[in-house]
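Feature annotations, reproduced from TrEMBL:
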COMPBIAS  48-59  compositional bias 'Polar residues'
DOMAIN    158-383  domain 'Anoctamin dimerisation'
REGION    16-64  region 'Disordered'
REGION    120-146  region 'Disordered'
TRANSMEM  397-424  transmembrane segment
TRANSMEM  473-492  transmembrane segment
TRANSMEM  549-575  transmembrane segment
TRANSMEM  595-616  transmembrane segment
TRANSMEM  644-665  transmembrane segment
TRANSMEM  764-786  transmembrane segment
TRANSMEM  814-838  transmembrane segment
Amino acid sequence: MGLSLSIHGAEKRLQIHQRRSVASRPGSRRLPVVRHSSLPPGRRSVKMETSSSGITNGRTKVFHPEGGVDLQSYQLDMQILPDGPRSDVDFSEILNAIQEMAKDVNILFDELEAVNSPCKDDDSLLHPGNLTSTSDDASRLEAGGETVPEKNKLNGLYFRDGKCRIDYILVYRKSNPQMEKREVFERNIRAEGLQMEKESSLINSDIIFVKLHAPWEVLGRYAEQMNVRMPFRRKIYYLPRRYKFMSRIDKQISRFRRWLPKKPMRLDKETLPDLEENDCYTAPFSQQRIHHFIIHNKDTFFNNATRSRIVHHILQRIKYEEGKNKIGLNRLLTNGSYEAAFPLHEGSYRSKNSIRTHGAVNHRHLLYECWASWGVWYKYQPLDLVRRYFGEKIGLYFAWLGWYTGMLFPAAFIGLFVFLYGVITLDHCQVSKEVCQATDIIMCPVCDKYCPFMRLSDSCVYAKVTHLFDNGATVFFAVFMAVWATVFLEFWKRRRAVIAYDWDLIDWEEEEEEIRPQFEAKYSKKERMNPISGKPEPYQAFADKCSRLIVSASGIFFMICVVIAAVFGIVIYRVVTVSTFAAFKWALIRNNSQVATTGTAVCINFCIIMLLNVLYEKVALLLTNLEQPRTESEWENSFTLKMFLFQFVNLNSSTFYIAFFLGRFTGHPGAYLRLINRWRLEECHPSGCLIDLCMQMGIIMVLKQTWNNFMELGYPLIQNWWTRRKVRQEHGPERKISFPQWEKDYNLQPMNAYGLFDEYLEMILQFGFTTIFVAAFPLAPLLALLNNIIEIRLDAYKFVTQWRRPLASRAKDIGIWYGILEGIGILSVITNAFVIAITSDFIPRLVYAYKYGPCAGQGEAGQKCMVGYVNASLSVFRISDFENRSEPESDGSEFSGTPLKYCRYRDYRDPPHSLVPYGYTLQFWHVLAARLAFIIVFEHLVFCIKHLISYLIPDLPKDLRDRMRREKYLIQEMMYEAELERLQKERKERKKNGKAHHNEWP
């Protein structure tokens, strides 16, 4: 048999085919009455099921788990079975129960009888935990012939009666002192119409699980209040008229596609028949117009995620104590009354049978097989199923991550092309040839005393590696990546609009958020009227807010200074270590002292980054709480901005130093600039500073992504394994399968306290690494692409298997992260302009080719025009002009047999015998002017292209705009026709009854 579940907006239908017996709830069949062993023998068990009108007092309805009503002095379970067998029932007892229930509806906090009750946690609802969640008495039937669905009772997704599906779980400890608050809260839960049942834990008897179920009447009432959009009519698409010529072309293309293999990246509908097209118009649910909606089964009309969201909405508005602000589940979780609150996963994510032959057991199993499994890493994500199971907010994150990963393909391809272009042209590069052949050019030592003289040809390998990243295609790639960032953001807006339309988020507006309890407690004495709700609320004075913002900004500035201090420490390490490695015993390290210094400095910098991240999180929490944001969204935005700023500066500060400061302010031999008049500042390698920047970016990027992936998946795996190990030691390995679903989910790891913050932050920092210094490391997009392919499946596996099911929440976009992405896109244009102009040798080579080389004045800039560039870029220094503390121990006689008189260094300075020794040459000023001109031209050109692309690409696709307009028109027509039909029926009835009265629009 099959269970059909609609997913709106996704244009898909999910059918879970179960070849085995499936736990369903037939609507036309009455389930029998089951007596539980937990009921005292002196209490009579009679079942009563109220109609949709219910027993009401005001606006509340009372429903008890399994149809019973919890009374103060006794427990009475009643259910009127209109279609079932009748039995002798004392109706006076039922009348007394109804009267007692009516008294128990409205709970006045000053007259609570439960406060003086000996059992504060209402243990009359508590069932002792057991491996099968049933008892011996539960197998005996009071209504003959019919059996309770054992499948429902055993899978841990239903109440003990097997009829009421669990929509939400609350967890608390009996030893917790917050008993009175919990008792009042649970009595008000029942007063709102939610059904409740309690179960003790199998692992720890002190842990109690509170199972909640929302009946149809409660779901309908709150779905209408929350404006939950539900399907009411299948969509009718308008197909524009196509010309015969275009139709013939489509037919020819279709014939050609038959010979091609099927699209391997799409989910196979034949082997996985669970995805079927379904597209319906939706409208806010209304009980008055319930006949307009497509309701095949009331039990499945609201899917599990929607049911949990409605129950959570109810729990957030239930009081637990007398007082204006003593309301909501979040406050009870904060003060420790409840230990956890979560919706249940839909069973196990594994099955003994193959999904291809037997179908998916549940939606969790389907998600695992077609999304979280490593075998489908190359396929598209089933975003509609993700949205249905986890909600729109998490669905949007994976939609953005998938879109970002897809857009990385062209960037990675072009970056790989730039790298391969450097490999192909390596043998034809005139600069690297001259460096490798310069055996007679002796370079000055790069550090004091211990560093020896070296031949320029010794840096041949580094010159070739530099050419791989710094070649003629680098500028093109930098421009491409700046344009790519804009195209990525603009097309994401279009993609988000399509998703918002498919997922019914176009007209959705966030509800007015509740004020944070900390804000209420701080400013409860000052109140003013809310301009929206018209109710009094706490108010924060402008002067107080400004003073707190100033203190917070000062804290941010102080932490940035801490980052600069850490970078300063790394600089001192590099300066001191290069001399140490130059005097090292091992020849490998001694001959590559600069590379060894850079490599160890990067690793130490990574360790400092990870340690400071822990400190930054605590500081960001402290500063955000100090600001006292009014709502949770304001708190999240403030915390997000601080954490991003801290981690961005922490991660990129050393990279900025290497890119723009390393080797720029060192002076020249004989007049070196020194740190604290002691340490000589580090110079670039004879082949340039770009190799240091490449090493910094490559090592940091690989280590950071590896560490993040381990912490995201490895840490939860270890924690869950340790929990299962303790359970096996206590109860034995053969009993672990019998645990109910709520026990299994409770032993999983909860979702991060900050929601999707860590996932977004990791990807945004990676986006910055991919774009900001991409001119120095063209392989960054490729590394990001490979990481994201793994990241999608890691996150999917984590959400499906390692974490408790998060509450399905709605969102229209990715929030403040979009603005951060735009800021990074603007910064990337500036940094890449400076990297090309200052860090790389692109501008000096261009100036030499057009002004000083063999082709000067001819308008050419090929490799033949670069002959002599290396010699022209090196200046001459007289060794006798060395300072005493800089004079090397070796005199250089090992090169020519006699002491050296001159050595060379990278700079544009006059020789020592000129009128102004070691002064800047004219070529230096030409290069400087060209660098500044390039920065200005590059930035203005790229910014113009970015703005032009932003202007030309509309935020809404044209076909989507037409679909939205047509849908609005058709909905108006449908509603008009339905209302006209209703009025005609009412007119016929009035004529038949002979009555005439006017009815307004409901």
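Glycine is treated like the rest: Cβ placed from N, Cα and C.
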What stretch, picked from 397-424, 473-492, 644-665, 764-786, has the most CB pairs under 8 A with the transmembrane segment (549-575)?
644-665
What stretch in 473-492, 644-665, 764-786 has the biggest tally of Cβ pairs under 8 Å against the transmembrane segment (397-424)?
764-786
Are there residues at least six beyond either end of the transmembrane segment (644-665) with Cβ under 8 Å to its Cβ atoms? List them, or say none.
556, 559-560, 563-564, 566-567, 570-571, 602, 605, 609, 612-613, 616, 619-620, 673, 681-684, 689, 692-693, 696-697, 700, 704, 761, 764-765, 768-769, 772-773, 776, 820, 831, 834-835, 838-839, 906
Please compute the mean pLDDT of the model over the domain 'Anoctamin dimerisation' (158-383).
80
